[in-house]
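A.B. asks: Can you keep this structure in mind? I'll have questions shortly.
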Ligand SMILES: O=C[C@H](O)[C@H](O)[C@H](O)COP(=O)(O)O
């Protein structure tokens, strides 16, 4: 029987913890794939007595890690992070990524840029030749956000403020999320620079030149790809 997307996520989550060594400080990403990784890490901590410190990228992940007995520290309480394992929404052939489907991209990027190595774990549906089919998430300060949205619309970026049940989706820093429906992104570095320079935009979801290793969930088993 064909594996479901959820089973592929579980498989890569479990495979990823093989890369965690005793004594490591590990960045813990966010999302449905990472949830399986954190479950598997909790199991290693409990059953093998693996000694790690986790640095969570969201309140959700912090709660899950704590509930499983994984020691956690905040980003400002560690002097380095050895390896961060996170999910991704889209990964291109040249290993550039879009993240933030779960509104966690700001904290995720802070943890990623402070990590020696970064690993992304995805099911194979996340791979695409060119970025942009997944709407690009921005984190935007609420104050003046309608003005930012107007400017984005004028640039032709098709912004959509992310809402749930009639309420603004809020990030863990209590900001809004604006998704850009770009279709395809020809020049990700230029776009990233342009967006981050807009006043009120705190972060954008392009993760460029970030990832070292990608684990892809395939029906015949996880595939480990070295990016850089
Ligand atoms: O904001 C959320 C994160 O960037 C996630 O890592 C990303 O959305 C992938 O999540 P999932 O594994 O649930 O598809």
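Even glycines carry a Cβ here, placed using N, Cα and C.
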A.B. asks: Which one of 46, 73, 117, 126 goes with 30, 31, 32, 33, 86, 87, 88, 89, 99, 100, 101, 102 at the substrate site, as TrEMBL has it?
C.D. replies: 126
A.B. asks: What number of additional C-beta atoms lies within 10 angstroms of the C-beta atom of residue 99 (substrate binding site)?
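C.D. replies: Residue 99 (substrate binding site): 29 neighbouring Cβ atoms within 10 Å.
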A.B. asks: Can you check which residues sit near residue 32 (substrate binding site), meaning Cβ under 8 Å from its Cβ, same chain, 6 or more apart in sequence, and list them in order?
C.D. replies: 6, 9, 87, 102
A.B. asks: Long-range neighbours only, meaning 6 or more apart in sequence with Cβ under 8 Å: which ones does residue 108 (active site, proton acceptor) have?
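C.D. replies: Expected: 29, 30, 57, 58, 86, 99, 100, 207.
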A.B. asks: For residue 88 (substrate binding site), which residues in the same chain are close in space, meaning a Cβ under 8 Å from its Cβ, but six or more apart along the sequence?
C.D. replies: 97, 98, 99, 120, 122, 126, 207, 211
A.B. asks: Cβ under 6 Å from ligand 1: which of the binding-site residues 32, 101, 126 qualify?
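C.D. replies: Once distances to ligand 1 are taken from each Cβ, 32, 101 fall under 6 Å.
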A.B. asks: For residue 126 (substrate binding site), name the DSSP secondary structure in the helix/strand/coil scheme.
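C.D. replies: Assignment for residue 126 (substrate binding site) reads helix.
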